[in-house]
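Lifted from TrEMBL, the feature list:
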type: BINDING; residues: Lys7, Phe8, Gly9, Gly10, Thr173, Asp174, Tyr179, Arg184, Lys209, Val210; note: ATP binding site
type: BINDING; residues: Thr47, Glu74; note: substrate binding site
type: DOMAIN; residues: 265-339; note: domain 'ACT'
type: DOMAIN; residues: 345-411; note: domain 'ACT'
Amino acid sequence: MALIVQKFGGTSVGTVERIEQVAEKIKKFREGGDDIVVVVSAMSGETNRLIDLAKQIGDQPVPRELDVLVSTGEQVTIALLAMALMKRNVPAVSYTGNQVRILTDSAHNKARILQIDDHKLRTDLKAGRVVVVAGFQGVDENGNITTLGRGGSDTTGVALAAALKADECQIYTDVDGVYTTDPRVVPQAQRLEKITFEEMLEMASLGSKVLQIRSVEFAGKYNVPLRVLHSFKEGPGTLITIDEEESMEQPIISGIAFNRDEAKLTIRGVPDIPGVAFKILGPISSANVEVDMIVQNVAHDNTTDFTFTVHRNDYQNALQVLENTARELGAREVSGDTKIAKVSIVGVGMRSHAGVASQMFEALAKENINIQMISTSEIKVSVVIEEKYLELAVRALHTAFELDAPATKSE
Ligand code: ADP
Ligand code: ASP
Ligand code: MG
């Protein structure tokens, strides 16, 4: 008999009918004899609705109160699912994060799980009950409700699976697995049978929101067998694995990730002296703004230009800080651009292949897409381009790296 943690995302519990369908599915699963812990998200759109309510009161909701508010979304779905299970004579019980005692740190709106008390869960499982746990939420040591950041129910699922040493953590969603790229943008995208933790972590970090980054980190760290599946369609889904099979079949690129979440800032004509990068980025970091890509130009006339990207939500804040710095350093000018996008190719196969980056640049050049910034690591290459070319770029790269589904491969 296996112990499985199953997480159902927002669209999968988006209506009462869907919740009934999920209950039906769990009932069938249970008939196979497995123990099941279920994690659910809020109904789709609900978390956004709650955040919007808070913003009607003020632009910057108090983080603690925002957590009290947004955690209610998941409290609704756990109760409804437990009711739907009991209606089908499946013994079930629902718990909030606090009731389980999913202990987190106190970083409201982006808390990290520190410890999970599995006592109640084990007792219920032993008594033959399906345990339904609210995703996305926990409690800090002072009893404050916390939430784990958008998409955090994935992390609840994986963390529970790790704590319970479950045989598998199954993430049920509205796609039947992890694809070579977002199938909503590239219809020719293909489902991957397997992807390594390392690649999945890059894909998630670089914008593929199919799994929350932290859930992948957690699964890698605690070696939790993780699978992404469609909630209502049969199929094997995608297994996230440790092993990198070095086969001839190994594609160089496993997937393409992208995001529109960043903005670019440039400071021109700063003196090219030691410590200047720190003078520019130190205040940005003190303002609690995270920097992603950084480019410093070769100096000319003893001055240089410096460009970096930040999250779009931090753009105004970063711009103000940079304008102050520019005055202090006597820089020539500051400019910014929010209409950028980042496109990244990801694959462990890159390690053993040279020339992947230039193949990427060639494909973009053919489409006349200008590259504004580049960053590389062992298993990824990212470029910043104008946002309006994002979809074109992703499609072109998908074709260039031979990721298109065979039936629709363009000539
Ligand atoms: P849930 O509400 O179930 O958590 P999400 O919306 O968070 O679902 O994640 C599923 C979505 O992720 C898909 O509908 C898809 O559009 C998007 N997505 C982005 N990149 C990928 C990818 N590489 N493979 C599969 N889905 C992806
Ligand atoms: N409901 C939360 C969100 O929308 C958490 C989740 O769905 O994973 O971000
Ligand atoms: Mg999600």
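Each position is counted from 1, following the chain as shown.
In case you wondered, yes, glycine gets a Cβ from its N, Cα and C as well.
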Among the binding-site residues Lys7, Thr47, Tyr179, name every one whose Cβ is found under 6 angstroms from ligand 2, counting any of its atoms. Thr47
For ligand 1, pick out the binding-site residues Lys7, Thr47, Glu74 that have a CB under 6 angstroms away from one of its atoms. none
Note: in the chain of Glu74 (substrate binding site), residues six or more apart in sequence with C-beta under 8 angstroms of its C-beta are Val40, Ser41, Ala42, Thr96, Ala134, Gly135, Phe136, Gln137, Ser153
How big is the ATP site in terms of the longest C-alpha to C-alpha distance among Lys7, Phe8, Gly9, Gly10, Thr173, Asp174, Tyr179, Arg184, Lys209, Val210, in angstrom? 22
When DSSP is mapped onto helix/strand/coil, what comes out for Lys209 (ATP binding site)? coil
DSSP three-state call for Gly9 (ATP binding site): helix, strand or coil? coil
Express the distance between the Cα positions of Thr173 (ATP binding site) and Thr47 (substrate binding site) as a whole number of Å. 17
Tally the residues of the domain 'ACT' (265-339) by DSSP class, grouping H, G and I as helix, E and B as strand, and everything else as coil. 29 helix, 28 strand, 18 coil
Just the number: how many Å between the Cα atoms of Thr47 (substrate binding site) and Gly9 (ATP binding site)? 12
